[in-house]
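*Asks:* Encoded as structure tokens, here's the structure I'll be asking about.
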Amino acid sequence: MQNYLTPNFAFAPMIPERASGSRVWDTEGREYIDFSGGIAVNALGHCHPALVDALNAQMHKLWHISNIYTTRPAQELAQKLVANSFADKVFFCNSGSEANEAALKLARKYARDRFGGGKSEIVACINSFHGRTLFTVSVGGQPKYSKDYAPLPQGITHVPFNDIAALEAAVGEQTCAVIIEPIQGESGILPATAEYLQTARRLCDRHNALLILDEVQTGMGHTGRLFAYEHYGVVPDILSSAKALGCGFPIGAMLATETIAAAFQPGTHGSTFGGNPMACAVGSRAFDIINAPETLHNVRSQGQKLQTALLDLGRKTGLFSQVRGMGLLLGCVLDAPYRGRASEITAAALKHGVMILVAGADVLRFAPSLLLNDEDTAEGLRRLEHVLTEFAAANRP
């Protein structure tokens, strides 16, 4: 197939054509077990019937009406997010990048309104990932994504992840916000320690700064709770959500307390497609299923099974001996002889009918459907064992 798209993506050799649940079929009719979930997006698998019905029902009512108006689907989804989180208000957008952009802009505006222009510093973590806009890629602590776009926005300090002393040294009276991923995703599925997040909360309170938690990847059930912050006993001031919020239909959201959200008065921020009725209708139905006790229980039980099985595979093949993460967001950390070769393994896995991801050069990432069942898990692991065994035999140091 001729490619007419810009070359910023390195496309896989297969072209997906249809999918159902945790199975994908390409244009040649080959079947794949999907352990990637569209990079933690397809939380209910592919083409979930309830979401298809919700989209079909809404598309016969209202597609788009502009942000001059609110709509029933937007208010319904916002109410569910508020009722099941710390937040009082929700801003809808189209992606995780936009949700984080809104969070960072709100934090700076809130600080300016309350304390004046000198309180604008943002503290973020090295190796974090918060999006692809110029602002969010600058806040993300990975120069490989931002180095080509200088001059970058200023007033951003990066500290090592999980380094409490460095965080304490960085946060001060000029800090308007600290932004953290509860689990660093793109850099290797590395969970924050409880002490680190609790220290961040305490420092923000001490210095009148806001704690922003980026739950674009960890939120919407992936860790076995609706939001990952629930594991830590820490409550943020602002939270970003996207990816699984729409289960494949583009939507993002920024959640905030009422006092902080009040800084966003009419005209201060916006989004043409934010709160789109179709996106919110799908998101609302997805929310009901994701937040159901049986779904979250499945995440925890299947996650434990998958983690145990992956550890066994790693030890059997000698490729990895550590599996990080929570629930169904997991990362296999390649042992020293195989560091830097994660992409080779994911490519080999694809050839053998299993879709997995990388999280940096050294980690194999798994973010499957929250409805993953024993049959799909077993078949995916069977295929993966063949891949890992073959790779280890061909590359034994």
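Including glycine, each Cβ sits where the backbone N, Cα and C put it.
Quick paste of what Swiss-Prot says about this protein:
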type: BINDING; residues: PHE129, ASP214, GLU215, VAL216, GLN217, THR272; note: pyridoxal 5'-phosphate binding site
type: BINDING; residues: ARG132, SER271; note: N(2)-acetyl-L-ornithine binding site
type: MOD_RES; residues: LYS243; note: N6-(pyridoxal phosphate)lysine
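Locate each feature and note its surroundings.
*Replies:* In this structure, PHE129 (pyridoxal 5'-phosphate binding site) belongs to neither helix nor strand by DSSP; it is coil. In this view, PHE129 (pyridoxal 5'-phosphate binding site) is surrounded by 25 other Cβ atoms within 10 Å of its Cβ, with every protein chain counted.
Long-range C-beta contacts of ARG132 (N(2)-acetyl-L-ornithine binding site), restricted to its own chain and to partners at least six residues apart, with a cutoff below 8 Å, comprise SER97, TYR145.
Listed in sequence order, ILE39, ALA40, VAL41, ALA43, GLY96, VAL216, GLN217, GLY219, MET220 are the same-chain residues six or more apart from LYS243 (N6-(pyridoxal phosphate)lysine) with CB atoms under 8 A from its CB. Secondary structure at LYS243 (N6-(pyridoxal phosphate)lysine), as computed by DSSP, is helix.
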*Asks:* Max Cα-Cα distance in Å among PHE129, ASP214, GLU215, VAL216, GLN217, THR272, the residues listed as binding pyridoxal 5'-phosphate?
*Replies:* 25
*Asks:* Translate the DSSP assignment of ASP214 (pyridoxal 5'-phosphate binding site) into the three-state scheme.
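*Replies:* In three-state terms, ASP214 (pyridoxal 5'-phosphate binding site) counts as strand.
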*Asks:* Here the binding-site residues are GLN217, SER271, THR272; which one has the lowest number of other Cβ atoms no more than 10 Å from its Cβ?
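*Replies:* THR272, out of the binding-site residues GLN217, SER271, THR272, has the fewest neighbouring Cβ atoms within 10 Å.
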*Asks:* Taking the binding-site residues one at a time (ASP214, GLU215), which has its Cβ surrounded by the most other Cβ atoms within 10 Å?
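*Replies:* Going through ASP214, GLU215 one by one, the largest Cβ count within 10 Å is at ASP214.
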